[in-house]
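Straight from Swiss-Prot, the features:
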BINDING   Cys68, Cys73, Cys79, Ser308  [4Fe-4S] cluster 1 binding site
BINDING   Cys94, Cys98, Cys101  [4Fe-4S] cluster 2 binding site
DOMAIN    80-297  domain 'Radical SAM core'
Amino acid sequence: MSKPIQMERGVKYRDADKMALIPVKNVVTERQELLRKPEWLKIKLPTDSSRIQGIKAAMRKNGLHSVCEEASCPNLSECFNHGTATFMILGAICTRRCPFCDVAHGRPVTPDANEPEKLAQTIQDMGLRYVVITSVDRDDLRDGGAQHFADCISAIRAKNPTIKIETLVPDFRGRMDRALDILTATPPDVFNHNLENVPRVYRQVRPGANYDWSLKLLERFKEAHPDIPTKSGLMVGLGETNAEIVEVMHDLRRHGVTMLTLGQYLQPSRHHLPVQRYVSPAEFDEMKAEAMAMGFTHAACGPFVRSSYHADLQAKGMEVK
């Protein structure tokens, strides 16, 4: 077992170093080690990677980050090749250490005051019409980073007046009132916050987070902006059951959420939580049917679905899986 480390500000800690401080340890069993990816999870890489390299170059030029890269998303090649990306603001170091996530943990540096302007210019240069903005958790900031989100939204709209903006926000733990005061004054076009999984496994999957708190965040934003869609996503394969997923879907509807994403959890490294099961495309189709019957206006359900995967198509109600 790794020993706890003394964190230095601005240093990214990953894998064993990141997991050393998690209270619920990941003990991999022989059965879990033998669990193999099914054929439907094999990814075909594009033959032409020039668009991918172009987006990466634009990010590096302006000192920006994408969650696609930082979280090792399996859809990176597809999304970058189609000219889309999910921008991650407030740095690339998270104050949380969720054992399903590949984003680095540590003591983050002070937010870049020029990031909103650089982000807006990059989006204009890329000619994007729909953009997703997310962030690491910033428990070190008094507002959890809410003002930085608002500054980014304002800067993007100033340079790109017709663009649609979706924000995928953290839970603003202990700062909900302050954060919502800011975000309701400068709202996005879609407000997204992921529950990630079912409440029974929260202590293991989302240490430091609270299921009811996350539901309340979604509900309160919706109450302030009834006409703005709220959205949430879950991963399957972390020990939950399909029945528990359906119950979470009911909870989301009871809290006013109308957009849903369901995707397969994939283990980033052997130090992360192991995959407990692989859910078939047919099961995802069944969950989508249940979601639509509950009253969700949009439900993207499939093995490769992530909360920002083809988010522009999701917002239009087009089929995504």
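Any Cβ shown, glycine's included, is placed from N, Cα and C.
Within 8 Å of the Cβ centroid of the [4Fe-4S] cluster 2 site, not counting the listed residues Cys94, Cys98, Cys101, the chain contributes Arg96, Arg97, Phe100, Asp102, Val103, His105, Val136, Asp137. When the neighbouring Cβ atoms lying within 10 Å are counted for each of the binding-site residues (Cys101, Ser308), the highest count belongs to Ser308. Looking at the domain 'Radical SAM core' (80-297) alone, the prediction's average pLDDT is 93. A strand conformation is recorded for Cys94 ([4Fe-4S] cluster 2 binding site) in the three-state DSSP classification.
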